[in-house]
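For 4-184, the entry in Swiss-Prot reads region 'Large ATPase domain (RuvB-L)', with the evidence type sequence analysis. Residues or ranges marked as ATP binding site in Swiss-Prot (evidence: sequence analysis): Ile23, Arg24, Gly65, Lys68, Thr69, Thr70, Glu131, Asp132, Tyr133, Arg174, Tyr184, Arg221. What Swiss-Prot records for Thr69 is Mg(2+) binding site, and it gives sequence analysis as the kind of evidence. For 185-255, the entry in Swiss-Prot reads region 'Small ATPAse domain (RuvB-S)'. The region 'Head domain (RuvB-H)' feature in Swiss-Prot is assigned to 258-335; the stated evidence is sequence analysis. Among the features that Swiss-Prot reports, DNA binding site is placed at Arg294, Arg313, Arg318.
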Amino acid sequence: MIEADRIISTSAKGDEEYIDRAIRPKLLNDYVGQPHVCEQMAIFIQAAKLRQDALDHLLIFGPPGLGKTTLANIVAHEMGVNIRTTSGPVLEKAGDLAAMLTNLEPHDVLFIDEIHRLSPAIEEVLYPAMEDYQLDIMIGEGPAARSIKLDLPPFTLIGATTRAGSLTSPLRDRFGIVQRLEFYAVEDLTSIVARSANCLNLSISDTACYEIARRSRGTPRIANRLLRRVRDFADVRHAGIISEESAKAALLMLDVDDAGFDYLDRKLLNAVIERFDGGPVGLDNLAAAIGEERETIEDVLEPYLIQQGFLQRTPRGRMATSRTYRYFGLEKLTE
């Protein structure tokens, strides 16, 4: 099984990016959660508008599915400017970036998703553009080549990344504002589910919103995906009404348990306990035991399990915690 196949995957699936636009908030006041980020951004935006300046360049980082793209669009909307969107892997040549920069209007937003995947050549073009609003372009080839400078209108670059540590220092230092998005509390996710249901004209109870929220692994993208699948279940079997009972039945059918775990999560934790006596177990042995690639364990399965206190990473290997034993209804063996 690969990450994209999981109902609780944090990656956007198929046309989800397009579907989610209908339920995305457009104003900071409608943005649920991340209170410190929202408070700071409201001040920064208001100050920039009072000075009639472009907003400082903004770096947004955090785990996938937490609303980095949504926040970028809100910033542009609040500033009353256009937003042009691209991603690091798409910008293969310096000319691709130059074309986008020269088409910006004053104070516009250029949003680059996965900015950590920019090539060094693209970064070199970005440095003077971000710092001096200038674009250095090479004209001609060989000995006849020469560099010319083009003035750019003041603009805001918003970069989004799940790996802030992978950004080069020169690029990271050019962002005047840096915001980290954290996993959401269940209460905030419950509000997000209720808001999304309202946007989709769904009949849903408060308790059903809560049942979906607490299985969403702190991630709005997962919450909205589960809501759509629960809606399908309710449309077919419960006349379109999403109650606590129908939500629980749908989530059981989807194999998402109360902790937000699916089959793969349980398989990994169970292997650590049953096959390796709770650990420590090396990553390669664990990967062989559950039939998955070690990269899948490191990048997909482990982060949430560690963050929730179900798995511990030690110098000697992975270990199950007391919480894991309680989850399976087992008693931890002591030597």
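Heads up, the Cβ atoms here are built off N, Cα and C, so glycines get one too.
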Statement: Judged by other C-beta atoms within 10 Å of its C-beta, the most isolated of the binding-site residues Tyr133, Tyr184 is Tyr133
- request: Measure from the Cα of Arg294 (DNA binding site) to the Cα of every one of the binding-site residues Ile23, Gly65, Thr69, Tyr133, then give the nearest.
  value: Gly65
- prompt: What's the CA to CA span in angstrom from Gly65 (ATP binding site) over to Arg318 (DNA binding site)?
  reply: 26
- prompt: If you measure every Cα to Cα pair among Ile23, Arg24, Gly65, Lys68, Thr69, Thr70, Glu131, Asp132, Tyr133, Arg174, Tyr184, Arg221, the residues listed for ATP, what is the largest value in Å?
  reply: 37
- request: Work out how many Å separate Tyr184 (ATP binding site) and Arg313 (DNA binding site) at their Cα atoms, rounded off.
  value: 23
- request: Calculate the distance in Å between the alpha carbons (Cα) of Arg313 (DNA binding site) and Thr69 (ATP binding site), and round it to a whole number.
  value: 31
Task: For the recorded DNA site, enumerate neighbouring residues of the same chain (Cβ within 8 Å of the Cβ centroid of Arg294, Arg313, Arg318, site residues themselves excluded), in sequence order.
output: Val281, Gly282, Leu283, Leu286, Ile297, Glu298, Glu302, Leu311, Gly317
Field: DSSP three-state assignment (helix, strand or coil) for Ile23 (ATP binding site)
entry: coil
- prompt: When you tally the Cβ atoms that lie within 10 Å of each candidate's Cβ, which of the binding-site residues (Arg294, Arg318) has the highest tally?
  reply: Arg318
